[in-house]
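Engineer: Sharing the features that TrEMBL gives for it:
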ACT_SITE  B:30  active site, nucleophile
ACT_SITE  B:33  active site, nucleophile
DISULFID  B:30-B:33  disulfide bond
DOMAIN    B:1-106  domain 'Thioredoxin'
SITE      B:24  site 'Deprotonates C-terminal active site Cys'
SITE      B:31  site 'Contributes to redox potential value'
SITE      B:32  site 'Contributes to redox potential value'
Ligand SMILES: Cc1cc2nc3c(=O)[nH]c(=O)nc-3n(C[C@H](O)[C@H](O)[C@H](O)COP(=O)(O)OP(=O)(O)OC[C@H]3O[C@@H](n4cnc5c(N)ncnc54)[C@H](O)[C@@H]3O)c2cc1C
């Protein structure tokens with residue numbers, strides 16, 4: 001059991017920004033980064049064009065590597081491991097990891113991000129990685145000259161569909177409603193794309209294939225009529241949900257699942273526990289807003305720790 | 001670092017190998033692959049002699065990747081006597097990988 005003043009769970013833009021601020025404040029934070037998901041969502045993308053300070057754009061993994069280096073430069077410790085349990089207990093939160101480490105922390109920052117939503121169809125899991133994918137930039141390359149489909153109607157679905165026409169012979173964009181939710185600019189780009197076909201007012205009701213995807217059943221949301229769509233790839237882009245499994249039941253969550261914080265602060269319903277990034281944000285969910293809220297969380301945690309008397313501090317290394 | 005194999009020597013290094021061989025299909029642009037590769041290397045080292053581990057860059061060796069229907073990376077395939085014996089697709093933490101590979105490293 002190791003005692004820490006501050007443990008940050010998550011190493012996306014929110015977690016690493018919190019680590020930079022906390023480390024510069026001398027708190028020697030421990031970042032539990034995740035093992036294979038360290039760096040967060042931006043590890044699965046290519047060019048990030050809207051993060052300030054990079055006029056030519058920057059590769060997602062490169063940006064996250066820089067954030068990690070910046071946090072470590074000021075003394076943050078980064079552990080590539082997954083938190084398995086978190087017991088919230090004021091001034092002595094307890095954490096165990098998949099590799100068997102145990103920590104107590106006076107303050108905790110939760111920056112666990114969000115996870116892709118699944119369609120919930122039979123065979124979806126079996127065929128995941130065998131034609132069914134959640135990441136166009138990761139897997140698009142393998143569908144050269146094939147016919148594929150994207151499900152979803154928001155910005156990310158339309159962006160994925162447009163991106164995939166670089167490789168695929170044809171991309172069908174399947175959306176439940178008659179109109180896409182995506183922004184006008186995004187829609188116009190998509191409509192001008194000759195390889196993109198819109199399959200509106202439709203939903204995927206079945207996925208077919210034994211060891212690789214062979215096709216989909218699509219039902220009209222208007223009259224229920226079904227038809228088969230033979231595709232070798234299906235990209236699911238129907239949104240994401242906050243990753244709260246570690247603390248659901250211990251902290252207040254909103255009805256839509258996001259972690260509740262107080263006003264513009266990062267304070268959750270428990271003393272000494274702070275939230276940052278996509279896990280508290282149902283609206284903006286961008287790298288820069290996640291980074292901004294990481295700064296807020298580190299600042300709140302620093303205030304919290306400085307107001308505790310020395311005897312209440314859970315640490316041998318202050 | 002584990003040995004790299006290519007389209008040219010895949011048959012000799014993997015299919016004709018004596019024992020089981022784990023092939024780590026990866027590409028330089030794949031973020032999760034960067035996280036999995038060191039874990040795979042660690043497992044290989046800790047169980048040296050039991051399971052041969054090699055890496056195949058899917059950008060440079062599209063023929064082998066296509067032949068085994070790779071559509072998502074990282075993908076870990078165990079070959080035994082020239083046949084695919086196990087497939088693990090997507091990044092997993094070390095304990096999960098060790099469990100999946102228990103038959104070969106146990
Ligand atoms: C394909 C794609 C492209 C995108 N492109 C852009 C873009 O161009 N510009 C932009 O601004 N935004 C973009 N975004 C959105 C952006 O990635 C997110 O808004 C941002 O990453 C959120 O940061 P975060 O720190 O809150 O969470 P994440 O980046 O999701 O990080 C979550 C972290 O929590 C960790 N974690 C979760 N559970 C545990 C656990 N139990 N134990 C340990 N660690 C855990 C994970 O390892 C991970 O490090 C994109 C997203 C995707 C998916």
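Each Cβ is built from the backbone N, Cα and C atoms, and glycine gets one as well.
Annotations in TrEMBL come from automatic prediction, not curation.
Computed from a predicted structure; not experimentally measured.
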Engineer: Among the recorded sites listed here, B:31, B:32, whose Cβ has the fewest other Cβ atoms inside 10 Å?
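Structural biologist: Looking at the recorded sites B:31, B:32, the Cβ with the fewest others within 10 Å is that of B:32.
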Engineer: Using DSSP, what is the helix/strand/coil residue split across the domain 'Thioredoxin' (B:1-106)?
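Structural biologist: So the counts come to 39 helix, 28 strand, 39 coil.
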Engineer: What's the CA-CA gap between residue B:31 (site 'Contributes to redox potential value') and residue B:24 (site 'Deprotonates C-terminal active site Cys') in angstrom, rounded?
Structural biologist: 14
Engineer: Between residue B:24 (site 'Deprotonates C-terminal active site Cys') and residue B:33 (active site, nucleophile), find the distance joining the two CA atoms and give it rounded to the nearest Å.
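Structural biologist: Spelling it out, the Cα of residue B:24 (site 'Deprotonates C-terminal active site Cys') and the Cα of residue B:33 (active site, nucleophile) are 9 Å apart.
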Engineer: In terms of Cβ proximity below 8 Å, which recorded positions out of B:24, B:32, B:33 neighbour chain A?
Structural biologist: B:32
Engineer: To see if you understand the setup: which same-chain residues, six or more apart in sequence, place their Cβ under 8 Å from that of residue B:30 (active site, nucleophile)?
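Structural biologist: The answer is B:73, B:74.
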